[in-house]
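Annotation source TrEMBL lists active site, nucleophile at B:145. According to TrEMBL, the feature active site maps to B:316, B:346. Annotated substrate binding site per TrEMBL: B:214, B:347, in sequence order. Residues or ranges marked as domain 'AB hydrolase-1' in TrEMBL: B:43-337.
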């Protein structure tokens, strides 16, 4: 399975009890894979996507570039001649895994009936998937942003199955500020009249709400200097002095940064489900490695056999480098906090693929 | 007039042509004042409020504390035994000055018909007000945040009438990031179905949209460490392990930071008009001291006779201290950038009244 890769597959994993209560009666996990699993089932690598990410890490045999294009492939840093690479769509997502837009047992989409899920619930579902695939242990579990939260939870929930773990542009627990920005995004969707409490699948989708959520999020994904240098106060329609004054939208006046954010919103709305956005955002709000496990140090001790690499983007102002440092300091053993040098902000973990590759090549994928 | 102060007054200033075109046919300027204007009309101080601020700087003879309580009064830093202190509600506001909720000539509220205005339009209206009051020149014009933008424009539009100017937690022009956050806020209101394009005065007000705008804004007014130390991941209803997991809103689960932001939203919605929020936010987006005046240095040269004090809150991540430094560097003459030491972020210009007072006492209000 998956030698060439880049094709969406799915596996049924049955009923899944949930951390906060309730059960999903029948769960499908969608994934892509590249390379070939060895007989021992231990040459596998799990790559975890971010909030609105998909399973499409690498183009493989598909026509479309992946979100970490170049990192996975024959002779790449994550060499598919050696490794069997998996990327699963998170529980609650809209890229093939069971989520709010999936059809429930009564033949209708879950919508508002989709339960609250946590990062740990998704890892549990991913663990079932990996068993079905025949993976006995991961050479490495790697993730950025929310993917980093899932990678970390893998090392804590299944330390015997995770030999190495990379947590990139992420943290040990979502902070008050991250929760605050997340709340604004969730409210933006819930307040859209087309949201209808989540049961909008037979009508218009809450695209204006989802678009606003994306705008808010995207600002936090970029650094202030990056936006300043790229857009500054330039107007979209360069019509002289008056264009430097913001005109009312009906007159068409707009700053370039506004047009850029409109474009980001438009792109997401065309590819993502609003309920999935809420479900995954709330799962991320719940992220806390120490929940129910004592202090953070106590919670992380279980992963003393795991080799960690923790990396932050130096200009990240959503997942501050200090949060990576705090995680690294609390992890057992010697953990290096690596820095991804980028002026872009949080999104640097996606745009600086080569830097991420260099860090992985020098740590979890160095020649043995 | 206004010896005791703290009482809202208003003056008609007639028709006002606007920078971006159009005219407001009849403008009322609301203001409060404290102390007594001298015969020369030159012992006056103008204090400029921030985005959602009112004219109520100081309680004076009223029952209610002002937003810079303690700074203005008999024997205070701004001594009302010496100075005649004025605070005017900005053009477009909802605290007595003509704004979108005001009644137009046809007997109905302006609503969607209220024109786009700029910071300079408000300063023009304030200049008319000051002439009506008999002010010949200001001892000082002082403002924080958007009030700082208005203070700066006073020094550039009427340098002969401004002897001193304090620009606190503000900048020379709104940056791409500030515009981006402002756009999200404006959209939050416009997307509320109760907004009805701005003509909602005979129905329900767009309170959910305005509340969301306030939440977004408030996050930017506070620093990440402040939110982290004050709220962290604490849950509002402390019911054990499960309460640390965010529950769906219908179950009542909520983080303290969410409840705090809900409270901030609720407070603003009860005291502010959504159309005014949009009009003033868009005016702030338009803020650019150099618009139509050449380079920033060229634009500021006209104020070479004005004594400036520029101050930033050291933890401000909306109006970064570097923006104050850039403004100070471009201003003519020797300008000191003072720092307000506060962990709170932008709102430090409001919470650290004593520090603001000390800076003013050491600069624009030092003993002559």
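Residue numbers in this text run from 1 along the chain shown.
Even glycines carry a Cβ here, placed using N, Cα and C.
Whatever TrEMBL says is automated annotation, not expert-curated.
Between the recorded positions B:316, B:347, B:316 has the most other Cβ atoms inside 10 Å of its own Cβ, all protein chains included.
DSSP assigns residue B:214 (substrate binding site) to a helical segment in the three-state reduction.
Across the fold, the C-alpha of residue B:347 (substrate binding site) and the C-alpha of residue B:316 (active site) stand 8 Å from each other. With residue B:346 (active site) as the anchor, the candidate recorded positions are B:145, B:214, B:316, and the one with the nearest CA is B:316. Of all the Cβ atoms in the protein chains shown, 26 others lie within 10 Å of the Cβ of residue B:346 (active site). Residue B:316 (active site) is 11 Å away from the residue listed as 'active site, nucleophile' when you measure Cα to Cα. Cβ neighbours of residue B:214 (substrate binding site) (same chain, under 8 Å, six or more residues apart in sequence): B:52, B:185, B:264, B:265, B:268, B:269.
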